[in-house]
Every structure is written in C-alpha cells, then in structure tokens.
C-alpha cells in the first residue's frame, strides 16, 4: 500500500530537521545575495586588517625601543653625575664645605631630569592601556613627588653651602632657570593632585586642567634641561681655571671637562627622547571612559 503523507505530519517534521529538504538551490535569491555580500565584506575586512595591525605593531615596537633608550640614557646621566661629583670633585658631605655642594648636581640631575622624565612617560606605556588607571596614576604622582623632593633637597644643599661660605645666592641665569623650574614643578604637582586625585574635584576642572597639565609638564622638562646644562658649564668654568694647584684649564679640555660635557650631551639626548614620546599622539593613553559620563577621581574609579 502507498503511504499517505498528511499535512503537518511526521514527514514535515522530518524535512524540517534534514538539510536536504532545503537545499541552496531552493533559497530565495535575496537571501543568497545577502550572504554573498556579507562574505565579501568579511573578506575585505580581513584583507584590510593586516596592514593596520602591522602599522600598530610597528608603532608599539618603536615606542618600546625609545622607552628603553630613555631608561638607558637616564641611567647613564645618573652614573656620570655621580662619578663626576664623587671622583673628580672629592665625594659628598653635609658640613658646609664644597663636598656639600656636590649633592646639588647629583640631586638636580637625578630628580629634576631623570626621575621626572621617567614619571612623565608612565601613562604612555601601551601595556598599561587596558588596565585599571588608578595604580598608574598613583605611580605617576609618586615618581613626580620623589623628583620634587630630590630637587628641593638639591636646592637646600647649594643654598646652605653658599650661606656658610658667604657666597651670593640667585645671581646667575642658571640659578634663575633652576628655581623657576622647581617652583613651577611644585605648583604643577599640587594642582595635579588637587585636580586629578581628590574626590571633590569637578569634571569641568579636570577638563580645563588636563591640557594645561600636559603642556606645562613639557615646559618644566625643558627648563630643567636648560638649568642642568647651564649649571654644568658654570661649574666647569669655576672649577677648571688652570690655577697654581695644577688644575688644567677648561679650554684645554681635561678629562673632567670631557666627562662634564658628556653629561650635558646625555641630558639633552634623554630630554629629546622623552619629549618625542610625549609628543606622539599615537602613544597617548586611549580614553576608555565615554565623554558623557562624570569623572570619578581617586579611590572611586574602578576601570577607567
């Protein structure tokens, strides 16, 4: 007997579960066309992604190379200034003698240039972009505070030495630039802590303060470099006069002068690398918070 197929019966259910009942040849043309266009769009996206990914990877590699270079230059600056003050200038003390003055270049170069520069680029490290911003914000503030403390102690060393030995203070261009850099730095740190760390800081203040904070940070680094360069040159002129003690004059370029000049070149190179990192917009930390959301400062943000 021939089996009768009832509408909506088992045969219908069987067909709905079997792919043969709905072959591609029976699909509407519009549906097949939409799948074809979607597949072509996916193919185009895949074809366009590799160059973009390669460009992004190249940019990140260049950043880390420059970042590593800045760390090496910063370490070289600290080593050079310590060797200069410790070996060529006789060492360190805090007794009002010339040995106390030797703390001044070491602390100013280490704090106002090297630690400051390292702290300035903390936000630019790509590895930190997808992480919670709060620890890096605190690290940035801590490094800047360390740099500020070192520079203030360095100023205390030179003022104490001048006062004990009856030497005039703040008469040279070097001293004017150095004090200006330290004063602006102190103001920058206080305003940054008030604007970006305190829970009571409004979002409008943050929006106004952020571009000024970034711009002023670069200005402070430039002032610090200018102060260190002028201070190195001034110290070499004062120390290497070719007097009766047998010291060779600066003009004959003795080994101490070579070391001092090398320190100046390293400071300039370090500053240029740091400024390059800070000026590249591709290495700015992406804003993960939408513009419409209110800003939540320290101890209240979770995943900015």
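Including glycine, each Cβ sits where the backbone N, Cα and C put it.
Taken straight from TrEMBL:
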type: TRANSMEM; residues: 61-86; note: transmembrane segment
type: DOMAIN; residues: 69-279; note: domain 'Cytochrome b561'
type: TRANSMEM; residues: 106-126; note: transmembrane segment
type: TRANSMEM; residues: 138-161; note: transmembrane segment
type: TRANSMEM; residues: 173-200; note: transmembrane segment
type: TRANSMEM; residues: 212-232; note: transmembrane segment
type: TRANSMEM; residues: 258-279; note: transmembrane segment
- Note on the structure: Stretch winning on C-beta pairs under 8 A with the transmembrane segment (258-279) (pool: 61-86, 106-126, 138-161, 173-200, 212-232) is 61-86
- Could you tell me the mean pLDDT over the domain 'Cytochrome b561' (69-279), as a whole number? 94
